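> For A:37-54, A:66-88, A:95-115, A:121-141, A:148-172, A:207-228, A:258-284, A:296-320, A:346-370, the entry in TrEMBL reads transmembrane segment.
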Amino acid sequence: MSDRNTTGESSTKSDGGTVIADNTLVARWEEIREREATVVGVTAICVAIFPWLFSRAPVISDVLLGYQSLATLILIWGIFAVGFDLLLGYTGLLSFGHAAFWGGAAYAAGIVANTVSADPIVMVVAGTAFAVLLAWVLGFLSLRRGGIYFSILTLAFAQMLYYMSAAPLAFLTGGENGLTGISVTPLFGVFHLESDLPSVAGTLIGNWMYLFVGVIAVLSVAAAYRILNSPYGMVFRAIRENEQRAEFVGLNVWRYKLMAFIISGAFAGIAGSLFTIHGSYVPLQSLYWTESGEIVIMTVLGGTASLFGPILGAGLYLYVENIVSGVQQLTIPFTDIVLINDFGTYWHLLLGLVFLVVIWVAPRGIWGAVSDLRALVRRLAGGDRR
Amino acid sequence: MSIVSELAVILLNGLQQGAIYVLLAVGLSIILGTLKFVNFAHGALYLVGTYAGLFIALDVTLSSGKLQEWGYGEFGLGWGFLAALILVPLFVFAVGLLMERFLARSFYDRPDTDQILVTFGLAIVVQELFRVLFGSNSLPFTQPEYILSVIPVSGPMQLPIVGSFPRWRLWVIAITAVLVGIVYLLVEHTDFGLVVRAGTRDAEMVRLLGIKISRPYLVVFGIGAALAGVAGVVGGPLNVVNPTVGMNILVPAFLTVVIGGVGTITGAVVGGLIIGLTQATLIGLPSVTIASFTLNFSPWSQVGLYAIAAIILLVRPQGIFGNEEVAP
């Protein structure tokens, strides 16, 4: 086995004999790549080593300038993005109102924490339940019209929630100041979320907060994978490809669309509740349409209709927003040539331009480029496979 | 003040508030109806109109932004408001033509979601460009005093039943009525309008008859843009002027279109009035005290707008004047 491995690694620059060995390796990987256990396992490993790579690894983290709390935030938005892509990428519905579920769940979790119980699990369950109910109602209203009207209506209803929590419901939500005074109790009454994990786990994963979010993130990816590869998820794709045909086959398209919307809202709800736990604070901003816009940008930049593209997009967006934007002078690496002065002012403008270009020429996003590259490598490596 | 005059004030305020939405919605609606193009950057055109109007009409001193850092902190032509009212629509018309030619046209054959995404991206770019150049602070857009130094347009005005009412608001209503009237006549009663409407029904047939449909499309986009520019100029002195106004006004404008029904100018007008009146009514109503519980309506003004929209769409999903043919 180890023999095959070494030949496989050197195969790209050696003769045809080893290419065949490589082929079997590639073939084996292709065979297990799509399995649920592989997807979930790889996700779990990536989630587990990510904070170490990002904020504590010797050289990499010095270059990346990452920190633990941002790693947690990236995972939270990643869950949100996976759910959003379920709707946009797989069902073909562009919602501009997902801030309603994100922010609504964040408020619900916060209010439950302040009044009933501040147990993290209770908060997540309450927030998600609220998001699901909300998605049911808003989906029922918005899905009365298809296409662009759906986008406009979701945007409108989310804005309605924003204005409701801004003034009329200020006694519940804290109005302009946001919801404050949330103090999350330890997980299972024992583990303080802010405290570090013991020994090796502490170095690798960091604190209990990340572990909590990470476990939920892996479960979310597993759930999304299971949904997408079930017959039920196939119907979502059928609706995206040709709604009329799906209707003619006898499927109740409206019901499937509503369900896709609710599932997507549930993911947003999980993420929103985790956001409250992570920050111990809910800003009014979390219901504003800019949050909906952000999740749209993340998902599209990362690549729609893929499971990991949106997570990548979320990570990249937050990384640029929180770290790169703090760099005042952007230079070409390892030289002194200054690309942009005062980068912090321009980053949002540049992001907008990048987004515009991606939509225009490469609607499949970063993940699309990655899969093209993979296809290219496979063709080069196994061109004479028969 | 009597009940009647209070109601009249609410009515006029509603008309004025609705007028801005109508200007935006008519443009959005004819572009959506004829070109089948969703323009999330329509608010950006409003933004361009507001800043261009400010630049032409007044002298402005910037307190932040890159222009100020680069030493162009004081800008503006100071040609007066009438000049702005004439030049800005022309300028935004040109912007609209460029946008149709270089952005929208390549997206006519792509899915709706791509259209929304690309115009959303453009809206962000425009907004951020203005933020970088002019800073994110609100700029003062003072109301004009006189037009042609003879006709007074600011200050209060005595009206028969209403009593005193801000003169500028009446002007906004009048300007809107005239412009929308012109566009209505153009679309419904000219040969140009005939081609546009025929293109809405069946673009391919129009092309087979030897009419170059792409040119009327270009003009329709330009007209829609110009109306948004006018909305920016007349609405500028009534609202704050900062880079986010475009995106903030986009949502009610779209709601107006959806309520009224896509592709009809009448629908856009009625939708705008409904939204404007709802808002003005909720702001204008006095608070009601039932037992020890005081109900104040004005915080609900923004919410009421969406609630009305939700109710209308539940009853008539295609909008008040919409017909199912146009709506997908």
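Any Cβ shown, glycine's included, is placed from N, Cα and C.
Annotations in TrEMBL come from automatic prediction, not curation.
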> So what's near the transmembrane segment (A:258-284) in sequence-distant terms, Cβ-Cβ under 8 Å and 6+ beyond its ends?
69, 72-73, 76-77, 79-80, 82-84, 86-87, 90-91, 93, 95, 98, 101-110, 113, 120, 123-124, 126-132, 134-136, 138-140, 142-143, 162, 165-166, 173-180, 182-184, 193, 209, 212-213, 216, 220, 224, 227, 232, 236, 239, 295
> Go through the chain and flag residues at least 6 beyond the ends of the transmembrane segment (A:66-88) whose CB is under 8 A from any CB in it; none is fine as an answer.
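Those are 47, 50-51, 54-55, 94-95, 98, 102, 206-207, 209-210, 213-214, 216-217, 220-221, 224, 227-228, 236, 260-261, 263-268, 270-272, 274-275, 278, 295-296, 298-300, 302, 304-307, 309-311, 313-315, 317-319, 322-323, in sequence order.
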> For the transmembrane segment (A:207-228), which recorded stretch in the set A:37-54, A:95-115, A:148-172, A:346-370 gives the largest number of Cβ pairs separated by under 8 Å?
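When the Cβ pairs under 8 Å are tallied, A:37-54 comes out ahead.
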> Using a Cβ-Cβ cut-off of under 8 Å, list the residues of the same chain that are 6+ residues beyond the ends of the transmembrane segment (A:37-54) and lie near it.
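Distal contacts: 60-61, 64, 66-68, 70-72, 75, 203-206, 210, 214, 217-218, 221-222, 225, 307.
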> For the transmembrane segment (A:148-172), what are the same-chain contacts with Cβ under 8 Å, counting residues 6+ beyond its ends?
93-100, 103-104, 107, 111, 138, 141-142, 284, 287-289, 292
